[in-house]
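Undergrad: Please see the structure below; I have some questions.
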Amino acid sequence: MMTTPTNSKPQLTSLRYRGYVQFAQVLMAFHGVDYDMCYVDKIDDQLRKELKFDQLPLFRETDGFKLNQSLAITKWVGDKYDFIGKSSKERALVVETVACVHTDIVMPAIRSVLTGQGRDRIINVVIPRYFGAFEKVLTENKYLACGDSLTIADLYCYVAYDYLGHLGFAPDHLQGKFPKIDCLKNHFESNKNVQEYLKKRPDDNEFFKNLPDWLKKDSCPTMSC
């Protein structure tokens with residue numbers, strides 16, 4: 001059963017896996033946001049009434065404002081904490097990176113785990129192409145948005161990098177190949193709140209191995225979060 005949201009904290013509701021919601025979780029941990037995390041095993045009728053797109057995650061602000069899409073949630077939180085770039089060019093580069101991570105890296109990786117297909121492409125094309133591009137930018141600039149401060153672009157890069165390792169996509173290919181991204185990973189994981197999140201986060205390998213029957217019926221379960 002879903003817990004009742006409090007009035008004093010935002011609430012994030014998700015299935016018990018990392019998926020796309022982990023970007024918002026790491027973002028809020030990094031900024032020390034105090035919120036209620038509510039994991040559910042299914043979407044019941046009561047919860048479904050609150051979902052604009054019949055999917056999770058669902059984010060509720062203290063004033064009742066709701067968002068039902070992971071990219072919108074991270075944009076909302078990033079905007080509140082001045083984490084989306086200082087200029088229009090930086091913000092455009094943030095959008096470019098976030099879209100790339102979401103669509104070109106994480107989505108095909110999850111799909112590959114679910115279908116058992118496309119693993120070689122993740123290892124031989126996706127990892128070198130996209131993380132190689134991010135590594136090049138970080139070699140030439142301090143941050144991915146080419147400004148003087150971290151943004152959600154850097155966070156998305158780190159989380160995706162860590163996630164592909166978790167899903168078992170050739171950790172040998174990742175180890176030592178992208179030193180600038182490794183530095184980015186170390187920076188985020190040195191944050192005490194992020195460290196606490198890492199201790200408690202779900203294991204997606206177990207989740208996908210025991211995928212609920214109702215999600216198996218979804219023609220594209222990767223889009224549920």
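Even glycines carry a Cβ here, placed using N, Cα and C.
Copied straight from Swiss-Prot:
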- 8-85: domain 'GST N-terminal' (DOMAIN)
- Arg48, Gln55, Leu56, Gln69, Ser70: glutathione binding site (BINDING)
- 87-207: domain 'GST C-terminal' (DOMAIN)
Undergrad: So if I draw a 10 Å sphere around the Cβ of Gln69 (glutathione binding site), how many other Cβ atoms end up inside it?
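TA: Excluding its own Cβ, the number within 10 Å is 17.
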Undergrad: Over the domain 'GST C-terminal' (87-207), work out the mean pLDDT and round it to an integer.
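TA: A mean pLDDT of 94 is what the predicted model shows over the domain 'GST C-terminal' (87-207).
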Undergrad: Comparing the binding-site residues Gln55, Ser70, which residue's C-beta has the most other C-beta atoms within 10 angstroms in this structure?
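TA: Counting Cβ neighbours within 10 Å, the top one is Ser70.
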Undergrad: What counts of helix, strand and coil residues does DSSP assign across the domain 'GST N-terminal' (8-85)?
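TA: Its residues fall into 25 helix, 15 strand, 38 coil.
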Undergrad: Leu56 (glutathione binding site) has how many other Cβ neighbours within 10 Å of its own Cβ?
TA: 23
Undergrad: Just report the maximum Cα pair distance in Å for the recorded glutathione binders Arg48, Gln55, Leu56, Gln69, Ser70, no decimals.
TA: 17
Undergrad: Helix, strand, coil residue numbers for the domain 'GST C-terminal' (87-207) per DSSP?
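TA: Counting residues by DSSP class gives 93 helix, 0 strand, 28 coil.
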Undergrad: So if I measure Cβ to Cβ from Arg48 (glutathione binding site) and keep only same-chain residues at least 6 apart in sequence, which ones fall under 8 Å?
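TA: The list for Arg48 (glutathione binding site) reads Asp54, given in order along the sequence.
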